[in-house]
Amino acid sequence: MSISDGDEGFRYWVRWQVPVCALIIGGPAFVAVRFVRNLKAEPLNYNDLWTPCWRNLNPLWLLIFRAFAFVCLAWVLYEIVSVAGAFAFYFYTQWTFALVMVYFVLGTVVSAYGCWFSFKKLPSSKVKGIANLKSHYAQEEIQGKLRFWGYLMQAVYQTCAGAAILTDVVFWCLLVPFFLGEQFSLTLLIGCLHSLNAIFLLLDTALNNLPFPWFGFAYFVIWSCLYVTFQWILHACGFTWWPYPFLELRTPWAPLWYFSLALVHIPCYGIYALIFKIKNSVLPVLFPRSFIASSHN
């Protein structure tokens, strides 16, 4: 990364492309924030946070998978950071990769708490009638403990879904075909960085019972706008190198690039929503005795 002199920095930000691209970023961000603030989501079923969608699958297996996914992702990110240092987080991919790790941390903790609480036995001194209320009592207490973390986990899950598809699609369909060799080289570590995030999320989706509503698209938009804002702040401070060529503002094609990137968020989130739809439409037919059809379909 290089730092430009003051004059070049000033001339860079008075280009006509800047306000146009700022509107393309700021408009969706403003709408998404307003939407989230006014959102009245359906009450979250807290059992969905840690129970699988497969009837005979013990929740412990979902817990083990989430812990395993976190460890694998943490190892990949550690290897990346050990090579690039803090510069690794100059990229949207590493932002999203770290966010996927946050999801699996939350998922592991929530699954562990749900499993522990569901398997905890009531004191033997309790009468039999009280024991019959165990499931109801457990559900109420779990809801009280997990209210904030449950909604946070759901929001992170929805954000990760769209962002992981976006990073992997852009990398494999745009950067690799057109910029491989010029901007970067493809290694096993880079390949894992741009694939394991989506792979582990898809496997988790195949196991979990979480809802995937369309309003989660707003979180995805806010996440991407935060990253672009982060890049603009760095370049306003004098940095001249863009991590992705299509973020460059010098070219007259910049507004078209920014607008295209804004539009591609829709199919990226839509792809994951379609996968969720297929999961709850096809799997109950293929496995009617094993799969628990989601009420969120």
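Glycine is treated like the rest: Cβ placed from N, Cα and C.
Here is what TrEMBL says about this protein:
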TRANSMEM  16-36  transmembrane segment
TRANSMEM  63-91  transmembrane segment
TRANSMEM  97-119  transmembrane segment
TRANSMEM  155-180  transmembrane segment
TRANSMEM  186-203  transmembrane segment
TRANSMEM  215-244  transmembrane segment
TRANSMEM  256-276  transmembrane segment
Query raised in the report: Which residues of the same chain, at least 6 past either end of the transmembrane segment (63-91), have a Cβ under 8 Å from a Cβ in it?
Result: 1, 50, 97-98, 100-101, 104-105, 107-108, 111-112, 115, 189, 192-193, 196-197, 200, 203-204, 207, 234, 243-244
Report summary line: Outside the transmembrane segment (215-244), at least 6 residues beyond either end, the same-chain residues with a Cβ under 8 Å of its Cβ set are 1-4, 9, 12-13, 25-26, 28-29, 32-33, 35-36, 39, 41, 90-92, 95-96, 99, 154-155, 157-159, 161-163, 166, 170, 175, 261, 265-266, 268-269
